[in-house]
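Inspection log for the structure reproduced underneath, given as structure tokens.
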Amino acid sequence: MFVKSLLLLSVAIAYVSADCLHCICMRESQCKPIGCHMDVGSLSCGYYQIKIGYYEDCGQPGKKSGESTETAWKRCADDLSCSTTCVENYYNRYKSQCNGLGMGACQIMARNHNGGPRGCHNAGTQAYWNGVHACCGCS
């Protein structure tokens, strides 16, 4: 019974995470590979409008041997699977910055995605979170 409950819980968490990711993707690009656009003084690219520093922080998924970071970043950003992996890695790297704030996983993911490693502490990310929350109802 315990194993069955644990399995159901892990499925529910995965579903919420996928729903949250989809809403972040929709907010950033209508979940389309839109290439790169200037945003607050630097380029933001792809499905999640990822900046190069964010790509470096998420571990540079999909980077090929001998490929420049810039080339890998732009290619990954316009690939839904790769860019989603990047957003998940970024969340996992920085979620501990939000310990003790009483925020759910989706709120932490959205606010850090929007505002950087400590975005959960930045009041300026609240409106972004409100938009993601309105989409998925996640916490």
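Any Cβ shown, glycine's included, is placed from N, Cα and C.
Nobody curates TrEMBL annotations by hand; they come from automatic prediction.
The signal peptide annotation in TrEMBL covers 1-18. As annotated by TrEMBL, disulfide bond applies to C20-C106, C23-C138, C25-C31, C36-C45, C58-C86, C76-C82. For E28, the entry in TrEMBL reads active site, proton donor. Taken from TrEMBL, the feature active site, nucleophile covers D39.
Here the features listed in TrEMBL are placed on the structure.
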residue : record                    : Cβ within 10 Å
C20     : disulfide bond            : 27
C23     : disulfide bond            : 22
E28     : active site, proton donor : 22
C36     : disulfide bond            : 18
D39     : active site, nucleophile  : 11
C45     : disulfide bond            : 26
C58     : disulfide bond            : 23
C76     : disulfide bond            : 24
C86     : disulfide bond            : 27
C138    : disulfide bond            : 20
Distance, C25 (disulfide bond) to C36 (disulfide bond) (CA atoms, angstrom): 15
Cα separation, C106 (disulfide bond) to C82 (disulfide bond) (Å, whole number): 19
Disulfide-bonded residues: C25, C31, C82, C106 - member with fewest neighbouring CB atoms within 10 Å: C31
Distance check against C20 (disulfide bond) for the recorded positions E28, C31, C45, C76, C138, keeping those with Cα within 10 Å: C138
Integer Å distance between the CA atoms belonging to C31 (disulfide bond) and C106 (disulfide bond): 17
When distances run from the Cα of C25 (disulfide bond) to each of the disulfide-bonded residues C45, C58, C76, C138, the nearest one: C45
Candidates D39, C58, C76, C138 (recorded positions) with Cα within 10 Å of C31 (disulfide bond): none
Rounded inter-Cα distance in Å - C45 (disulfide bond), C86 (disulfide bond): 12
Spatial neighbour of C76 (disulfide bond) that is closest, considering only the recorded positions C23, E28, D39 and their CA atoms: E28
Distance [Cα-Cα, Å, rounded] between C86 (disulfide bond) and E28 (active site, proton donor): 15
